[in-house]
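Heads up: the structure comes next, in structure tokens.
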């Protein structure tokens with residue numbers, strides 16, 4: 001049956017329907033009436049009964065459910081090009097050029113804010129990350145190495161920094177390649193948090209947030225699933241260590257030139273005016289250098305002069321002399337000649353914090369807040385600009401170019417070409433985080449589909465490893481082999497993951513899992529923050545803490561948890577595909593309390609908590625302001641307005657009833673404002 005009519009269309013007087021029917025019949029005389037004469041020549045009107053009809057839908061047709069993952073139509077709401085005059089066309093061209101320049105400016109500051117954000121994380125947590133690596137007793141545990149890689153990369157917001165620490169430790173024989181491979185896997189997971197944080201900035205619109213968060217977390221799921229399969233395989237067979245060792249031994253690599261820094265040439269002049277770091281401090285802490293723990297990571301002197309001179313120095317005994325010929329005594333002391341290194345500071349660095357004697361944590365916190373504000377602002381402005389530019393034919397061309405496959409039978413080539421494009425773009429910008437973070441708003445507004453973003457992300461994983469390989473080739477001879485072998489481990493790990501989760505469409509599980517998480521996060525937006533905190537902080541910290549206690553404790557706690565998760569996944573699959581195999585009670589999750597199988601109770605709890613906090617803040621605001629009129633957005637002001645009577649839109653039928661009542665009482669209660677909206681008191685509306 002048809003739904004009830006809206007109140008605004010309700011009619012208080014039934015005569016309107018009779019008049020409407022009479023008017024309808026009078027306007028169709030040819031059909032409804034036929035005029036004739038009888039025997040007495042008296043005109044007689046013959047009435048032909050029309051077939052009965054009803055305006056009620058007897059059978060409600062099922063409405064087509066729109067797929068939330070379909071890309072939205074980016075319609076052009078402006079004036080068409082053909083309808084513009086010459087002045088309008090010139091103005092439109094200049095507007096397009098201006099928007100393109102603004103887009104490049106915002107994109108530049110977006111990339112710079114990512115660089116400053118990484119520096120801020122290193123200032124806040126860099127020394128803690130170095131201390132993670134300094135505990136060599138648990139490095140033999142591959143699971144502990146994995147979570148250390150995740151935590152360090154999350155803290156310093158750079159997989160290249162964590163990889164360079166691992167290279168230094170391997171070159172110094174503090175770590176072997178076998179123990180370094182799980183850390184590289186963890187670094188691959190930790191670097192995917194950046195674009196997930198960027199996706200949170202689009203939480204204002206549910207549809208955009210669904211697509212953006214799914215496009216960001218497809219990277220997470222690819223890394224987690226790859227580790228889930230390849231970490232046990234590596235622990236059992238050491239195939240990555242053996243394969244990379246074979247490659248390094250077969251090819252006689254020599255020291256090459258430095259890796260090309262294409263994007264750094266553009267961004268460094270600006271970011272170095274804000275902050276400059278001495279990243280050697282983290283490496284020194286990781287290698288148990290006690291003197292580095294009290295050093296500041298903020299770089300003060302950029303130009304120094306090192307002078308090596310020979311000086312006469314005293315030694316405890318002749319055994320400490322450099323050589324017997326350079327050793328003598330004067331009766332009281334034993335003297336020798338040694339090379340003494342003297343470092344002289346010449347010029348200070350030119351950045352904001354060079355003359356402030358602030359702790360690293362304070363400077364890092366300031367930069368963290370500022371960089372996040374700039375990042376959010378640039379992202380919002382980029383999304384707005386893209387939304388205004390990508391309309392009409394431009395949007396159609398871009399969407400078709402990016403999301404259309406090659407014609408049959410070469411459709412399968414499209415995904416592999418996208419992988420190459422992602423690898424090339426990442427090689428240009430020198431960072432997978434920058435490329436995937438820049439792609440996230442495009443996924444949100446519907447320019448790039450999730451299915452196309454997946455191979456682009458896989459290509460970004462390949463591109464960041466090629467940059468690491470070039471950087472390894474530029475290493476000195478003492479660290480060339482170890483750094484190159486670790487970079488190749490990273491490369492072959494991503495290649496193995498692509499072979500697992502891309503060639504066969506059925507195995508592209510990251511897409512399905514990311515869409516599921518995107519739908520949940522769009523409905524319960526707090527769940528996105530919950531996912532970030534749990535999977536990137538709490539679980540790695542819990543595993544690291546259990547690893548410190550010992551391997552038996554880790555197995556004793558982790559094995560039951562893994563078994564329960566495995567059991568839930570198997571039950572969920574059976575409930576979806578073969579429910580008849582299960583007992584009637586296990587065919588759904590209703591046998592559990594609601595809080596164990598549904599997010600609605602948690603959503604109510606979180607909503608109530610945030611509502612209480614909001615009311616408390618608003619009451620405090622009203623008390624501080626003294627007058628409710630100065631803070632209209634607060635809840636307490638709304639409560640006051642509701643008590644006094646808020647203007648309420650009334651349907652026409654009820655408005656007429658109110659007017660009749662006023663006419664009887666003689667007291668006007670309804671008013672008409674300037675816009676024509678009738679308002680009545682809240683009691684009359686009820």
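Think of each number as a place in line: the chain as shown, counted from 1.
Placement of Cβ uses the backbone N, Cα and C atoms for every residue, glycine included.
Automatic prediction, not curation, is the source of TrEMBL annotations.
The feature transmembrane segment, as given by TrEMBL for the ranges 271-293, 294-316, 317-339, 524-546, sits at 524-546. The range from 406-427, 582-603, 604-625 that TrEMBL describes as transmembrane segment is residues 406-427. Within the same chain, residues 132, 143-144, 147-148, 150-151, 154, 186, 190, 193, 196-197, 199-200, 203, 206, 209, 213, 217, 220, 224, 517, 553-554, 557-558, 599, 602-603, 606 sit at least 6 positions outside the transmembrane segment (524-546) and bring their C-beta atoms closer than 8 Å to a C-beta of that stretch. Between the transmembrane segment (456-474) and the transmembrane segment (361-386), fewer than three CB pairs separated by 6 or more residues in sequence fall under 8 Å, so the two stretches do not touch. Remote same-chain residues near the transmembrane segment (179-201) are listed as 114, 139-140, 142-143, 145-154, 157-159, 162-163, 166, 169-170, 209, 212-213, 215-217, 219-220, 223-224, 226-227, 230-231, 234, 240-241, 375-376, 379-380, 432-433, 436-437, 439-441, 444, 461, 464, 486, 489-490, 493-494, 528-529, 532, 536, 540 (criterion: CB distance under 8 Å, separation of at least six residues from the stretch ends). Proximity of the transmembrane segment (361-386) to the transmembrane segment (434-450) is established through 3 or more Cβ-Cβ distances under 8 Å for residue pairs spaced 6 or more apart. Outside the transmembrane segment (406-427) by six or more residues, the chain places 435, 452, 455-460, 462-464, 466-467, 498, 502 with a CB less than 8 A from a CB of the stretch.
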